[in-house]
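Asker: Handing you this structure, nothing more for now.
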Amino acid sequence: MKIVTAEAFKEERCRALETSALTSSVDDTVLNIIQTVRKEGDAALFRYTEQFDGAKLDILELSEKEWERAMFKVDPNVLGALTTAKEQIEQYHRLQKEKSWFEQVRPGVTLGQKVTPIERVGIYVPGGKAVYPSTVLMNVLPAKIAGVKEIYIVTPPDREGNISPSIIAAAKLAGADTIFKVGGAQAIAALAYGTETIPKVDKITGPGNQYVARAKKWVFGDVAIDMIAGPSEICIFADDTTNVSFAAADLLSQAEHDEMANAICVTTSDSFAEELQKEVAEQVKQLERYEIANASIEQFGRIIIANNIEEAHDIINFIAPEHLELMNEDAVSSMQQIQHAGAIFLGPYGPEALGDYVAGPNHTLPTSGTARFASPLGVYDFMKKSSIIHYTEEAFMREADAVATIANAEQLTGHAKSVLIRKEFFQ
Ligand SMILES: NC(=O)c1ccc[n+]([C@@H]2O[C@H](COP(=O)([O-])OP(=O)(O)OC[C@H]3O[C@@H](n4cnc5c(N)ncnc54)[C@H](O)[C@@H]3O)[C@@H](O)[C@H]2O)c1
Ligand SMILES: N[C@H](CO)Cc1c[nH]c[nH+]1
Ligand SMILES: [Zn+2]
């Protein structure tokens, strides 16, 4: 892991943004896949699944038999832990549910907001380098709480064309309708435009690698998306009081997701930085997913030395990380200075992995600095609102002239007429 100053890190990030062209080679690949799926439908999905996942399929939809068999195959301990996670995720997300409201706000004027669920949702569950039953729960459960009627999961199969029993069990526990064995940009295109087998949905949610994240960006507008939830990121704020082994383990817990994952530590202590560098180099060797974690650490791992706490807060806000662990002495004060982060973990007993699985908040979080404007996935992502407006005759008469005046100022005399015609009628 490279040790750099806050200033050098900022320069490096800005340069990377400047030099990244508007469309990259990933975009070229993704756009080509999207266009091909729109043109060829299922045939393109079968071809891409063979090309990228090595699986030769005849049918995309998971069969009844596969659903049933998975419940016998899944490890009972895993099922037990998933059930605990389900209950705790539901408990947290139920608190997010918004209600419709109607209120008399002025004499004779009742206004309101009617909240309704999105009808049909497609959920991307990653499956290239790991299997993510936790992502099934994190996406399906808030959709269920919102009242979404149709929930379709897409996820890439393994080389034999199978979906992991733990994914199927999680989908059953959470109440998803169907699983389609397709991943990557092709799955996003299928959900956005529909194919012979896969229904076109109203919204796509869920995380994925850079191909998935870019595909979601390209189909946005033809379909709604939740956010850009790409390769995982962790940022740790540490000082001399931080346990160096904990910090190293937590950095590697996210680096093992993907070669493109970002693991960063910000610290005010030179000696901690040096110790951490050594500890990460030691711990990475012991990881089963050494290749992935080491590639991520080599390429994107950084230990940033800040001159003081203020500079540390500033650089964290600049990064706007997906996950932030405040492992410094006064974590609560620091939390108050952080404006931009997907999820904030406080203190030494808050490894990010808690939030990935059982704490309750959602683990589908904004990445690549988008925490500056985006929020964690929640029940609100699966709901929409309609404004409700009702006037009595008296209230209408009182406000009609204001409408006509503004309409005329906009030279929209038809608008003015629609109120004046009523005014004349009722007078
Ligand atoms: N932000 C979050 O909330 C969150 C949560 C969980 C996981 N993640 C991230 O999700 C990602 C999962 O990635 P993954 O790769 O394991 O699974 P994935 O399902 O996202 O990607 C696998 C698919 O990528 C496509 N692909 C791979 N190489 C390609 C190529 N060269 N050209 C075109 N398409 C290609 C294939 O279609 C393949 O099926 C990781 O980056 C992980 O960090 C993020
Ligand atoms: N850390 C990931 C979000 O970036 C979520 C996850 C799922 N399983 C393990 N981790
Ligand atoms: Zn994780």
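Backbone N, Cα and C define each Cβ position, glycine as well.
Those TrEMBL annotations? Automatic predictions, nothing curated.
Below are the features I grabbed from TrEMBL:
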{"type": "ACT_SITE", "residues": "Glu322", "note": "active site, proton acceptor"}
{"type": "ACT_SITE", "residues": "His323", "note": "active site, proton acceptor"}
{"type": "BINDING", "residues": "Tyr124, Gln186, Asn209", "note": "NAD(+) binding site"}
{"type": "BINDING", "residues": "Ser232, Gln254, His257, His323, Asp356, Glu410, His415", "note": "substrate binding site"}
{"type": "BINDING", "residues": "Gln254, His257, Asp356, His415", "note": "Zn(2+) binding site"}
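In terms of burial and nearby residues, how do these features look in this structure?
Answerer: For Glu322 (active site, proton acceptor), applying a Cβ distance below 8 Å and a minimum sequence separation of six or more within one chain yields Ser232, Glu233, Ile234, Ala341, Gly342, Ala343, Leu365, Pro366, Thr367, Ala371.
His323 (active site, proton acceptor): 26 other CB atoms within 10 A of its CB, across all protein chains. According to its DSSP assignment, His323 (active site, proton acceptor) is in a strand.
Counting Cβ atoms from all protein chains shown, Asn209 (NAD(+) binding site) has 21 others lying within 10 Å of its own Cβ.
Around Gln254 (substrate binding site), taking its Cβ as the centre, 26 other Cβ atoms fall within 10 Å, counting all chains.
Its own atom aside, the Cβ of Asp356 (substrate binding site) has 20 Cβ atoms within 10 angstroms in the protein chains shown. In the three-state DSSP assignment, the secondary structure recorded for Asp356 (substrate binding site) is helix.
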Asker: If you count other Cβ atoms within 10 Å of each one's Cβ, which of the binding-site residues Gln186, Ser232 has the most?
Answerer: Gln186
Asker: Near ligand 3, meaning Cβ under 6 Å from any of its atoms: which of the recorded positions Tyr124, His323, Asp356, Glu410 fit that description?
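Answerer: The ones that qualify, in sequence order, are Asp356.
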Asker: For the recorded positions Tyr124, Gln186, Asn209, His323, Glu410, His415, which sit with their CB under 6 angstroms from an atom of ligand 2?
Answerer: none
Asker: So which of the binding-site residues Asn209, Ser232, His257, Asp356, Glu410 sit close to ligand 1, that is, with a CB under 6 Å from an atom of it?
Answerer: Asn209, Ser232, His257
Asker: Going by DSSP, is His257 (substrate binding site) sitting in a helix, a strand, or coil?
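Answerer: It is coil.
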